[in-house]
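Shown next, in structure tokens, is the structure this report addresses.
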């Protein structure tokens, strides 16, 4: 081995173990000696003592100069601190992307997903989901305003239709003693007007689905309103009692059609269904409040039947409004024009009757509706007679009926917040129990004033029940069957407005009018039992 090689090895050893000599000076000395004296061709593989890092830092003289790569500027990245502490998560995020703390989801403690909120420069111009209609044209602000106005007008017309339905139901109570005395009838015979009214309701409940599929929403509503005008024209001159019964049958048929379609239209709305149903039925209470005030005045006159002339005029106005606003069109067409079409309206159109009648919840809801509406009309209709005979009231006792329907209207407006706070199901149980207590005081306390106040409170507590029933219907029944189901439920309910008052008349003819209060209390108790068996959630496909 040559002296140069030995000298090179000694230099390497001093570089590796020497502490007194600086690293920089040793490297310079090593490379200088290597360049001058080390023959590249005579160095054996076993004698290679250079480290790879040194060779890479000092390339051979013959190698071409390295090309310096082009500099690339990367975005500035800052450390992201998790909103729930440093231990929860750590990571980095671009400076121009912020994070929404309200959409941080975690399936496990160490598995955190963060939903970013992109700046305006990165926000896509169109957000597309699976339900977006890519072929639908864009809607301008002016078009949206027109659609909102159309929805408001449609809803207002329906509220007016329900208002005069309430007017109709509030009329019978104050006029019932006058009808009884005019024709010289007993309790059982005069109650036949309720029976024929029920016949019309039941026929309409069955025929509603066919009529709706055949003619559509607008035409059926208009037909019902015009039929009401014809029925009141029959009642305006006090003809034979059988003619009055026929008129009440027509009224029941027309009333059931309109009630079904008003409820079905509102229940199929795009939004705010509970509030709209509440306002709709508050309109009913308002009509039932005003009607006894007017009917009581007519009951004191010899021409008591002229009250039906006012009713005919109201339904004539209603017919004009229905034609001007709806033009006989179908419900889907009207809702699509007003952008009020619920997304769940696709329907299986075949054999709707079979679909409706095979749903058990429909029959439970219809039975509850029958008891509720029957109890409501029984109180509003027979309380006047009860007060006149048992509390020595005079013809002004008709105002008690107005107090009842005033409470009905206020309950549907003022108790909506309580329904939402404690839940509609619990609220109905609470209202029924309190209403029973108030009705018991009417039964046992022999005071005209106390009875009048208690009846008003009964109306206040019964008021929210029907809107709760209809709103619950939208939650547990298929959307595509809502109009048919509500027609059936409302029709059976309106039949109750005839059946229960008729049973009251039969009981009164056998046991006296005193039987009214225990009968009402038993019906309210039955409502509690039925409501307990109605499903809480949807048991059928949407």
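Cβ atoms here come from the backbone N, Cα and C positions, even for glycine.
According to TrEMBL, the transmembrane segment annotation covers 152-168 (among others). Long-range contacts of the transmembrane segment (152-168) within the same chain: residues 221, 225, 228, 251, 255, 258-259, 262, 265-266, 276, 279-281, 283-291, 311, 314-315, 318, 321-322, 325-326, 334, 338, 340, 405, each at least 6 residues beyond the stretch ends and with a Cβ under 8 Å from a Cβ of the stretch.
For the domain 'Major facilitator superfamily (MFS) profile' (154-538), the model gives a mean pLDDT of 87. Per TrEMBL, domain 'Major facilitator superfamily (MFS) profile' is recorded for 154-538.
Per TrEMBL, the feature transmembrane segment maps to 188-210 (among others). Sequence-remote contacts of a segment are chain residues at least 6 beyond its ends whose Cβ falls under 8 Å from one of its Cβ atoms, and for the transmembrane segment (188-210) they are 172, 176, 179-180, 220, 244-246, 248-257, 260, 352-353, 356, 483-484, 487-488, 490-492, 494-499, 501-502, 504-506, 508-509.
Marked as transmembrane segment by TrEMBL: 217-235 (among others).
The feature transmembrane segment is assigned by TrEMBL to 241-257 (among others).
Taken from TrEMBL, the feature transmembrane segment applies to 278-298 (among others). Within its own chain, the transmembrane segment (278-298) has Cβ neighbours under 8 Å at 155, 158-160, 162-171, 173-175, 262-263, 266, 304-307, 310, 380, 395-396, 398-399, 401-402, 405-406, 408-413, 416, 463-464, 466-467, 470, counting only residues six or more beyond its boundaries.
Residues annotated as transmembrane segment in TrEMBL: 304-326 (among others).
Annotation source TrEMBL lists transmembrane segment at 361-384 (among others). Listed by sequence, the residues of this chain that lie at least six past the ends of the transmembrane segment (361-384) yet keep a Cβ under 8 A from its Cβ atoms are 169-170, 172-174, 176-177, 288, 292, 393, 397-398, 400-401, 404-405, 408, 455, 458-459, 462, 465-466, 469, 472-473, 476-477, 485, 488-490, 492-501, 504, 508, 513, 516, 519-520, 523-524, 526-527, 530-531, 533-535, 539-540.
Marked as transmembrane segment by TrEMBL: 396-415 (among others). Within its own chain, the transmembrane segment (396-415) has Cβ neighbours under 8 Å at 166, 170, 173-174, 278-279, 281-282, 284-286, 288-293, 295-296, 299, 376, 379-381, 383-384, 387-388, 427, 431, 451-453, 455-464, 466-467, counting only residues six or more beyond its boundaries.
The annotation transmembrane segment is assigned in TrEMBL to 427-445 (among others).
According to TrEMBL, the transmembrane segment annotation covers 451-469 (among others). Counting same-chain residues at least six beyond the ends of the transmembrane segment (451-469), those with a Cβ under 8 angstroms from any Cβ of the stretch are 274, 277-278, 280-281, 285, 365, 368-369, 372-373, 375-376, 379, 383, 387, 391, 399-400, 403-412, 415-416, 419, 424, 427-428, 431-432, 434-435, 438-439, 441-442, 445, 489, 527.
The annotation transmembrane segment is assigned in TrEMBL to 481-503 (among others). Distant neighbours of the transmembrane segment (481-503): 169, 191-192, 194-199, 201-202, 204-206, 208-209, 212, 217, 252, 255-257, 259-261, 263-265, 267-268, 331, 347, 352, 355-356, 359, 362, 365-367, 369-378, 381-382, 469-470, 473-474, 519, 523; these residues of the same chain sit at least 6 beyond its ends, with a Cβ under 8 Å from one of its Cβ atoms.
Marked as transmembrane segment by TrEMBL: 515-534 (among others).
Within the same chain, residues 411, 415, 418-419, 451, 454-455, 457-458, 461-462, 464-465, 468, 517-518, 520-521, 524-525, 527-528, 531 sit at least 6 positions outside the transmembrane segment (427-445) and bring their C-beta atoms closer than 8 Å to a C-beta of that stretch.
Count of Cβ pairs under 8 Å against the transmembrane segment (304-326): among 217-235, 241-257, 515-534, the largest is for 217-235.
For the transmembrane segment (515-534), same-chain residues at least 6 beyond its ends with a Cβ under 8 Å from one of its own Cβ atoms are 361, 364-365, 367-368, 371-372, 374-375, 378-379, 382-383, 386, 425, 428-429, 432-433, 435-436, 439-440, 442-443, 465, 472, 476, 500, 503-504, 507-508. Among residues of the same chain six or more beyond the transmembrane segment (241-257), those with a C-beta under 8 A of the stretch's C-beta atoms are 165, 168, 179, 183, 185, 192-201, 203-205, 208, 211, 220-221, 223-225, 227-228, 230-232, 234-235, 487, 490-491, 494-495, 498.
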